[in-house]
Amino acid sequence: MAHDLGFWTLQALNALQLSMLLFLLSIGLTVIFGLMHFVNLAHGSLYALGAYFAASLAAIGGYWMGFFLAPVAVAGVGILLYSGLIRRMRKSGPMAQVLVTFGLIFVMLDLTRIFWGDLALAIDVPTLFAGRVELLGIEYPAYRLFIIGLGLAIFAALAFVLGRTQIGAMIRAGVDNDAMASCLGINVERLFFIVFCVGCALAGLAGVVAAPLLSVTPDMGLQILIPTLIVIVIGGLGSLKGAIAGSLIYGFVQTFGAVLAPQLASVLIYALLAAVLVIKPVGLFPAKG
Amino acid sequence: MLELSGIESGYGETQVLHGLSLEAQQGRVLAILGRNGAGKSTTLKTIMGLLPLKSGKIVFEGKPIARQPYDVAKSGIAYVPETRDIFPSLTVRENLEIAAKRFGGAAPEWTMERVLDLFPRLGERMDNGGTQLSGGEQQMLAIARGLLMNPRLLILDEPTEGLAPIIVKLIHDKLQDLKAAGLPMIIVEQNFGFATSLADDVVVVGKGQAVWTGSAEEIRADEAAQHTWLGV
Ligand SMILES: Nc1ncnc2c1ncn2[C@@H]1O[C@H](COP(=O)(O)OP(=O)(O)OP(=O)(O)O)[C@@H](O)[C@H]1O
Ligand SMILES: [Mg+2]
């Protein structure tokens, strides 16, 4: 392995960028699961939807219009999903939830096909972040740095809200013990709705920022679902710490695995997942100890 | 102020309460006694809306009680469960604050200062994690948290379970203070002496029904009833 330091820096930044994308996706899913034991497999579809909304909005008003409005639009879809389907399924048990939200993936897949067609869409990197930046002795795409910065900023914001505010304490209480939280007069159902909408918006945001890096295709939601689930299983359900730790582990194992052991890269993360499940079945940092 | 009539409830297919009736009076303390597995905790969980009411009626302050815990809490009932249920991810302060900020209106009777006056021990532990407390401290926290909701009825499930005698004495004195201040309470207890010295009224539950109802003095004097229903 005769790679220089710059090569490894590049890989580390790539790993970090992938991690941040996964973090945006997994945080909503894991807190929704922790708070209400609700399994939403269609979370990845919201990511794809974010990318499509961004592509359409970017065509009208440029990248930033998509950046700010697409997550809101995805949250709007989340509200529809919640009131039409999820609220009715709250007490129907994990099996029914998995089946219905799995079915939803294919409904969303076909809806995106109907509205946007089967061809991959492309969206340009915003001019603000179009170039490359000198960093740690290498040149790195500014847009990827933007994703890293955005992920870290959202992590910091969520850490503040969850750790330091009244509503954050209420969410943690709900994750710990939703029945007791209700007995203290906390409207856990409304809390769940808020968390669900924020989770949808973040999934949409992940789709928006990923769109210029990948081509926007109907099945992108399905492709990201497995990595997201691996992240939350490794990290442990329901916690911010678990989501960030799981995302970093996935991002680095995936990226460095592909460089160091290309033949093994695709199984490496599953081996790690299996190891975590054997050693600590609840994941590294579950919300419930 | 709280009246249960003909309550049937349980866990899924298993019915535990078979037509239980009891009444808690304004300004008085009601003790619910009974052997292990009689259905005391099940009664409290049914009042709180944690278990579905299969049949019967629960009336609180003249109105049918809500069936969701959140609405029951809002209607003015605070619940201190058998397991205390302190939130482990929250500090002591946060455990108190999430209950406090939601109730009591402009001039709440119970404020953070007042509950810390009642349980000074908690004041020294404010930044500890909720589960870094001893059993006694957890019980104090659970009671303090309930009081911060400014309830019109306080429900306690075995407040002395697993506590050292000195802490049992302390909890007893504090509950006595609350009683003197006129707060209505329902207390489920295994500790007969503790319960009957605090309570005005007593109901004994056996096999999911009220099998004996009377005053605390009466049951203290009635050794036959104690023997039959409580095995004292
Ligand atoms: N979660 C549950 N699922 C099924 N059955 C339960 C559950 N909890 C309690 N039971 C059953 O319901 C019956 C009444 O239990 P309950 O907890 O109300 O008794 P208790 O009077 O509070 O007893 P203790 O003094 O031991 O606390 C018991 O037979 C018990 O086995
Ligand atoms: Mg009990």
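For all residues, glycine too, the Cβ spot is worked out from N, Cα and C.
Remember, it's a predicted structure, so these values are computed and weren't measured experimentally.
What TrEMBL says about this one:
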TRANSMEM  A:20-39  transmembrane segment
TRANSMEM  A:70-86  transmembrane segment
TRANSMEM  A:98-123  transmembrane segment
TRANSMEM  A:143-162  transmembrane segment
TRANSMEM  A:191-214  transmembrane segment
TRANSMEM  A:220-240  transmembrane segment
TRANSMEM  A:252-279  transmembrane segment
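Counting only same-chain residues 6+ beyond the ends of the transmembrane segment (A:191-214), those with a CB under 8 A from a CB of the stretch are 21, 24-25, 27-29, 31-32, 35-36, 38, 43-44, 46-55, 63, 66-67, 70-75, 77-79, 81-82, 86, 121, 123-126, 143-144, 146-147, 150, 154, 167, 170-171, 174, 220. Stretch with the most C-beta contacts under 8 angstroms to the transmembrane segment (A:143-162), considering only A:20-39, A:70-86, A:98-123: A:20-39. Take the transmembrane segment (A:20-39) and the stretches A:70-86, A:98-123, A:220-240: counting Cβ pairs under 8 Å, A:220-240 has the most. Note on the transmembrane segment (A:220-240): residues 22-23, 25-27, 29-31, 33-35, 41-49, 51, 105, 108-109, 155, 158-159, 162, 175, 207, 210, 214, 246-247, 249-250, 254, 269-270, 272-273, 276-277, 282-288 of its chain, located 6 or more positions outside it, place their CB under 8 angstroms from a CB of the stretch.
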